[in-house]
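Visitor: Below is the structure I would like to discuss, written out as structure tokens.
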């Protein structure tokens, strides 16, 4: 299950941001997950809940925004937003399309807290 290695890298990235901002705690992690990313949201959530226990993210809530697939047809120049995993243009049925969005997983926002000593 590659979700474990993805979550490990995500938590490491969160820890780096927290350290750079002198934060002691991360309370929320917002990510954008493309439908073509190859990552299963429920497995990602389970992996996050498991890995967060031993670090600065232990109280963090993971919010996953699913990013639909956005394609541009090279034949008819139609830009389409698709919720399913297909690269066929719905306007002209061409396979000559380019993916514009929906393939990545991106860290969008962190909510952090600092102790006031």
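Numbers here mean position along the shown chain, with the first residue as 1.
Any Cβ shown, glycine's included, is placed from N, Cα and C.
The feature Ni(2+) binding site is assigned by Swiss-Prot to 2, with sequence analysis given as support. Under the heading Zn(2+) binding site, Swiss-Prot lists 73, 76, 89, 92.
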Visitor: Relative to the mean position of the Cβ atoms of 73, 76, 89, 92, the recorded Zn(2+) site, which additional same-chain residues have Cβ within 8 Å?
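Guide: Same chain, not in 73, 76, 89, 92, Cβ within 8 Å: 74, 75, 77, 78, 90, 91, 93, 94, 96, 97.
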Visitor: What is the interatomic distance between the Cα atoms of residue 92 (Zn(2+) binding site) and residue 2 (Ni(2+) binding site), given in whole Å?
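Guide: Here the two Cα atoms lie 36 Å apart.
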Visitor: How long is the line from the C-alpha of residue 73 (Zn(2+) binding site) to the C-alpha of the residue listed as 'Ni(2+) binding site', rounded to the nearest angstrom?
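Guide: Pair distance, Cα basis, whole Å: 31 Å.
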Visitor: Taking only the Cα atoms, work out how far residue 76 (Zn(2+) binding site) lies from residue 2 (Ni(2+) binding site), in Å, as a whole number.
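Guide: That separation, Cα to Cα, works out to 37 Å.
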Visitor: Taking the Cβ of residue 2 (Ni(2+) binding site) as the reference point, list residues of the same chain whose Cβ is under 8 angstroms away and which are at least six residues distant in sequence.
Guide: 38, 39
Visitor: Is it possible to get the count of other C-beta atoms within 10 angstroms of the C-beta of residue 92 (Zn(2+) binding site)?
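Guide: Around residue 92 (Zn(2+) binding site), other Cβ atoms within 10 Å: 13.
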Visitor: Reduce the DSSP letter at residue 73 (Zn(2+) binding site) to three states and note it down.
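Guide: For residue 73 (Zn(2+) binding site) - judged by DSSP and reduced to three states - the answer is strand.
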